[in-house]
Amino acid sequence: MAHPSQLGLQDAASPVMEELLHFHDHALMIVFLISTLVFYIILAMMTTKMTDKYILDAQEIEIVWTLLPAIVLILVALPSLRILYLIDEVENPHLTIKAMGHQWYWSYEYTDYEELSFDSYMTPLQDLNPGQFRLLETDHRMVIPMESLIRVLISAEDVLHSWAVPALGVKMDAVPGRLNQITFMISRPGLYYGQCSEICGANHSFMPIVLEAIPLDPFEDWSSSMLEEAX
């Protein structure tokens, strides 16, 4: 969960987000080393007279400043491609949920259960309980089992939306007439908050996403009670 004045990323709650945190640190270290080298060169040129302003040809320097950027790009690209393929990999998901974006709320349909679907609206400020978060709470949470591979099919009814939960490292555009998918697995129980991440109109900031991860047995009890209410 994010907190005020936070500078870093949220704590990882999924294997994909853990990989993204490692990649962030890896890329940040490369950026730091490059910035240090550039700053040193600028400082050296400003503070010393030991520079040659009249070099017309230097094959060694040209080779170095061609190879170094290529090596840096490879060091950034390979881990990035690995994570991209990891995100796209879908194999025997335990649960499939369809998330549909509307102006301005989300609707969820558990396709593995008959008649298990609901709309999820933002909880108004006057209805919040102590300890709940403004603009982030919903009247119906998307409840899922922890340590299970979840596939979410994402689309939109009207305009472009985007379904994003930072702690899980997932973000996917919801496009009218198109079905996108993402997969993730939550490592521990808890509440995970997200928001629509594509400007979709006047109430774009009032489209929160709340995921509640619970063990499998309580999830089965919850789904049974929801089906009984629907019947």
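Using the three backbone atoms N, Cα and C, a Cβ is placed for every residue, glycine included.
Reduced to three states, the DSSP call for Cys200 (Cu cation A1 binding site) is coil. Swiss-Prot lists His161, Cys196, Cys200, Met207 with the feature Cu cation A1 binding site.
Here Swiss-Prot flags Cys196, Glu198, Cys200, His204 as Cu cation A2 binding site. Long-range Cβ neighbours of Cys196 (Cu cation A1 binding site) (same chain, at least 6 residues apart, Cβ-Cβ under 8 Å): Gly101, Trp104, Trp106, His161, Ser162, Trp163, Ala164, His204, Met207, Ile209.
All protein chains included, Glu198 (Cu cation A2 binding site) registers 18 other Cβ atoms within 10 Å of its own Cβ. For Glu198, the entry in Swiss-Prot reads Mg(2+) binding site, with the evidence type similarity to another entry.
Break the topological domain 'Mitochondrial intermembrane' (1-14) down by DSSP state and the numbers are 0 helix, 0 strand, 14 coil. Under the heading topological domain 'Mitochondrial intermembrane', Swiss-Prot lists 1-14 (among others).
Taken from Swiss-Prot, the feature topological domain 'Mitochondrial matrix' applies to 46-59, supported by similarity to another entry.
Feature annotation from Swiss-Prot assigns topological domain 'Mitochondrial intermembrane' to 88-231 (among others). Assigned with DSSP, the residues of the topological domain 'Mitochondrial intermembrane' (88-231) fall into helix, strand and coil as follows: 25 helix, 61 strand, 58 coil.
Look at Swiss-Prot and you will find 15-45 (among others) tagged as transmembrane segment.
What Swiss-Prot records for 60-87 (among others) is transmembrane segment.
Considering only the binding-site residues Cys200, Met207, the Cβ with the fewest other Cβ atoms within 10 Å is that of Cys200. Take the mean position of the Cβ atoms of Cys196, Glu198, Cys200, His204, the recorded Cu cation A2 site; other residues of that chain with a Cβ within 8 Å of it are Gly101, Trp104, Val159, Leu160, His161, Ser162, Ser197, Ile199, Gly201, Met207.
For the topological domain 'Mitochondrial intermembrane' (1-14), the residues of the chain that approach it from at least six positions outside its boundaries are 20-21, 24, 166-170, 184-188, 190-193, 213, judged by C-beta separation under 8 angstroms. Within 8 A of the CB centroid of the Cu cation A1 site residues His161, Cys196, Cys200, Met207, the other residues of that chain are Gly101, Gln103, Trp104, Trp106, Ser162, Ala174, Gln195, Ser197, Glu198, Gly201, His204. Of the listed binding-site residues, namely His161, His204, the sparsest Cβ surroundings within 10 Å are found at His204.
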